[in-house]
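Worksheet: one structure, shown below.
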Amino acid sequence: MTTTPKPLVLMILDGFGHSESHESNAVYAAKKPVLDRLCASMPNGLISGSGMDVGLPDGQMGNSEVGHMNLGAGRVVYQDFTRVTKAIRDGEFFENPTICAAVDKAVDAGKAVHILGLLSDGGVHSHQDHLIAMAELAFKRGAEKIYLHAFLDGRDTPPKSAQSSIELLDETFKTLGKGRIASLIGRYFAMDRDNRWDRVAQAYNLIVDGQGQFNAATAQEGLQAAYAREESDEFVKATTIGEPVKVEDGDAVVFMNFRADRARELTRVFVEDDFKDFERPRQPKLAGFVMLTQYAASIPAPSAFAPGSLENVLGDYLAKNGKTQLRIAETEKYAHVTFFFSGGREEPFPGEERILIPSPKVATYDLQPEMSAPEVTDKIVDAIEHQRYDVIIVNYANGDMVGHSGVFEAAVKAVECLDLCVGRIVDALEKVGGEALITADHGNVEQMSDESTGQAHTAHTTEPVPFIYVGKRALKVREGGVLADVAPTMLKLLGLPKPAEMTGTSILVDPAH
């Protein structure tokens, strides 16, 4: 018979890194008595959430999808970014059967190949090198008409940094002698993930019907006109370039984002016959629509890189051992604490319950830096008091989502709100004898301005993230921990042996070590 759940709570403070620099550091500037007290009195240290330590290229900043995959898997997960880059380097990409089938069908009928994707070197949702490779693939397979519909970043990159990326793609098309950038739009519209269909509709109508609010002779001119309207990359309004292009019946469309969460909505508009979230002017009958990776199992389109399966991730292993678990987050990070933390699995494991708290409906989260954290905390405190679960896994979105706004004062408020929430959870746990681990998936809010450009720093960082144990046991934190070590640490606290698939090792060790 299992004992009464104590619970063990894993708090993931999204985008909450540690920087030795105090410049533009919202974590340093915030009044955070609870976290300060825990760091002074509890076993704690820093762990890595970027680069090779999470299965990304060396020096690449971490992100929420990658972070949660590693946290939940208990092993370093080879990321889609790295898989695609390697396939391009090895030449396998240019023979990819799924992409080639769609491109060849369009080419044989004398039709166009449309490339969609985030044009950026941010490496979080996409990489411009992948877009270049796709243009080269289309050219090599005989496409006469190659159109890039570029989504601009300014979020995982500096707010006004798209010019160099546009120049690079213009140069690529010039070298190939075929193809061009057909449209520009900010990711705010094309890559929504919060069912703001009015935004997605603007991107869809731009791509499919060549309907933009603005037109420019070249992509460079289109970008400069947007800057003159005081739009940073993320918010560039729908702009057609040159003679407006439409997606015609028989064309092929390849979506080159490798990260799923912000590619799903636009993809659904293209491929779902019964799509009803807004009135489509038309749905082209395509030679093929290819997702670079599987954006969701329910989307009726093939993917170029099929998902790898992860066995015995934390959620699965807890279920097999008869443990109950709660996953809870607000809308912005719900997919991360469920789908990504479960290794790319949509449905809950046996004994797993989920609570989704709606994110506030504001244009940008600097307008409401507390987001829905207080409501999330209410639910967790209630669950702890009633001892309903063995394990509670929560994501707090504030550090990341407010960090992305680039507004320092709001970021400080976000950190201060988090401190209050952590305090409430720790107090509730003390009353029932529970334990907690506090960590993050990657950095962001600890660097709010870019010293080299003087612009707001809206992107993630490569900084390490905190790791704090909250409980009564005499344990110490070892050096060199990574996100993949968090699940094995939780199993140690729960008294469960680690499955063979988990190659991570506990960050908490006995003081004798």
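Even glycines carry a Cβ here, placed using N, Cα and C.
As recorded in Swiss-Prot, the features of this protein are as follows:
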- SER64: active site, phosphoserine intermediate (ACT_SITE)
- ASP14, SER64, ASP441, HIS442: Mn(2+) 2 binding site (BINDING)
- HIS125, ARG155, ASP156, ARG187, ARG193, ARG259, ALA260, ASP261, ARG262, LYS333: substrate binding site (BINDING)
- ASP400, HIS404, HIS460: Mn(2+) 1 binding site (BINDING)
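With the fewest other Cβ atoms inside 10 Å of its Cβ, the least crowded of the binding-site residues ASP14, ASP156, ASP400, ASP441 in this structure is ASP156.
Surrounding the centroid of the Cβ atoms of ASP14, SER64, ASP441, HIS442, where the record places Mn(2+) 2, the chain contributes additional residues within 8 Å, namely ILE12, GLY15, GLY49, GLY62, ASN63, GLY67, HIS68, LYS333, HIS336, ASN395, ASP400, ALA440, ASN444, HIS460. A helical conformation is recorded for ASP400 (Mn(2+) 1 binding site) in the three-state DSSP classification. As a whole number, the greatest separation of Cα atoms within the substrate-binding residue list HIS125, ARG155, ASP156, ARG187, ARG193, ARG259, ALA260, ASP261, ARG262, LYS333 is 18 Å. Between HIS404 (Mn(2+) 1 binding site) and ASP156 (substrate binding site), the C-alpha separation comes to 8 Å.
Long-range C-beta contacts of HIS125 (substrate binding site), restricted to its own chain and to partners at least six residues apart, with a cutoff below 8 Å, comprise LEU118, ASP156, ARG187, MET191, ASN257, PHE258, ARG259, ARG262, ALA263. ASP14 (Mn(2+) 2 binding site) sits 17 Å from ARG193 (substrate binding site), taking the C-alpha atoms as the reference points. A count of other CB atoms within 10 A of each Cβ picks out HIS460 as the most crowded of the binding-site residues ARG193, HIS404, HIS460. Over all protein chains present, the Cβ of HIS442 (Mn(2+) 2 binding site) has 30 other Cβ atoms lying within 10 Å. Within 10 Å of the Cα of ASP400 (Mn(2+) 1 binding site), the following recorded positions from the list SER64, ARG193, ALA260, HIS442 place their own Cα: SER64, HIS442. Taken residue by residue with DSSP, ASP441 (Mn(2+) 2 binding site) is part of neither helix nor strand, so it is coil.
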